[in-house]
Amino acid sequence: MTISVLGAGAFGTALAISLARAGTSVTLWTRTPEHAAAMQSERRNTSRLPGVEFPKEISVTSDLETALSDTILLAIPMQQLRKMLESAPNLDGKTLVACCKGVELKTELGPVAVISACAPNATAAILTGPSFATDIAKGLPTALTLAVQDEAAGKRLQQSLTTPNLRIYRTTDTIGAELGGALKNVIAIACGTAIGAGLGESARAALMTRGYAEMQRMAQSLGAQPETLAGLAGFGDLALTCTSDQSRNYRLGLSLGQGDVFDPSITVEGAATARAVQKRAETMNIEMPITDAVVALLDQNMKIADVIEMLLSRPPKEE
Ligand SMILES: NC(=O)C1=CN([C@@H]2O[C@H](COP(=O)(O)OP(=O)(O)OC[C@H]3O[C@@H](n4cnc5c(N)ncnc54)[C@H](OP(=O)(O)O)[C@@H]3O)[C@@H](O)[C@H]2O)C=CC1
Ligand SMILES: O=C(CO)COP(=O)(O)O
């Protein structure tokens with residue numbers, strides 16, 4: 001069996017390496033011929049995931065048509081997903097697995113919904129949960145959630161994607177899985193900001209907990225199962241991303257808290273997602289004060305002191 005990975009960023013490359021080490025033949029697609037040629041000759045991805053050698057089972061290409069097998073992992077940033085799918089040849093009958101985390105700014109849709117809109121005759125899935133690309137590439141133990149509405153398709157895919165180091169749990173709740181991964185990034189920006197601004201570990205714990213309440217509120221209003229949010233896709237990834245400076249979302253928050261400039265070329269899914277989620281929450285009349293605070297800080301509409309005041313002076317309520 002061959003699996004295609006579209007997007008040779010850190011995550012796509014790490015997944016390709018993990019699958020290839022387990023003996024699966026993998027075609028790794030990148031958009032530029034120069035990058036494909038460099039990876040093919042160096043047998044590593046020096047620009048995005050340096051230091052890890054490709055197993056022989058990986059072949060690299062920049063030709064999208066020849067890159068497509070029946071099972072395709074989409075490992076490109078959320079805001080680029082639609083453009084990528086629209087540029088792809090016929091995707092009918094393929095299984096398309098979103099490996100990105102976010103909500104599309106212009107439509108307020110998650111990755112599974114975007115895949116279904118762009119490729120209605122494909123099977124749409126999402127692979128998400130707590131996992132740093134470098135950990136997967138090193139072969140460290142990792143557990144992820146795979147969500148596919150069709151249970152039989154989910155079982156087949158679970159088997160194909162499981163490796164000795166990558167344990168995959170299955171669900172049919174695609175809405176919960178995609179929202180867990182998207183929303184935790186917003187809370188990670190808030191937690192990074194708190195730590196960067198010197199507000200302390202207690203403030204971070206409060207933001208994680210109340211952030212989780214926000215995640216549950218939005219996800220359940222959109223039809224997600226609370227258990228999915230309590231699993232790897234939600235709580236698990238929240239715990240990882242809000243506590244590790246390996247996370248780019250958390251590091252953006254640290255910069256905001258310290259008043260530093262953050263490199264805009266770094267992929268930080270939570271920034272656009274915070275704005276999309278805020279719009280969605282307003283339409284649905286859902287309270288998301290931490291998300292509002294993150295957007296206000298990103299847009300430089302509020303200072304940190306004002307954000308703290310805004311969060312602490314909300315009317316007292318039951319937990
Ligand atoms: N890194 C991690 O630890 C993890 C990442 N993820 C998720 O994976 C997704 C990708 O992140 P990650 O791999 O880290 O990002 P990177 O910044 O490492 O790489 C992004 C990749 O996307 C490609 N890309 C960007 N725009 C397009 C486009 N329009 N068409 C085709 N390819 C495009 C880039 O190509 P080019 O090099 O040519 O610019 C690059 O290969 C994100 O949603 C992230 O949340 C999930 C779990 C862990
Ligand atoms: O999603 C991730 C870990 O599960 C990666 O986090 P960042 O995108 O913040 O680096």
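Just so it is clear, glycine is given a Cβ too, placed from its N, Cα and C backbone atoms.
Predicted automatically and left uncurated, TrEMBL annotations should be read as such.
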- Note on the structure: sn-glycerol 3-phosphate site partner of Lys101, Gly129, Ser131, Lys184, Ser247, Arg248, Asn249 according to TrEMBL, chosen from Asp237, Asp260, is Asp237
- When you look at Lys101, Gly129, Ser131, Lys184, Asp237, Ser247, Arg248, Asn249, which the record names as binding sn-glycerol 3-phosphate, what is the longest CA to CA distance in angstrom? 15
- Message: Roughly how many Å lie between the Cα atoms of Ser247 (sn-glycerol 3-phosphate binding site) and Ala8 (NAD(+) binding site), rounded to a whole value?
- Response: 18
- Message: Near Ser131 (sn-glycerol 3-phosphate binding site) in space, meaning Cα within 10 angstroms, which of the binding-site residues do we find among Gly7, Ala8, Gly9, Phe11, Gly12, Glu269?
- Response: Phe11
- Cβ proximity for Phe11 (NAD(+) binding site), under 8 A, sequence spacing 6+, ordered by residue number, returns Ala75, Cys99, Ala133, Ile136
- Close-lying binding-site residues around ligand 1 among Asp237, Ser247, Glu269, where CB distance stays under 6 Å: Glu269
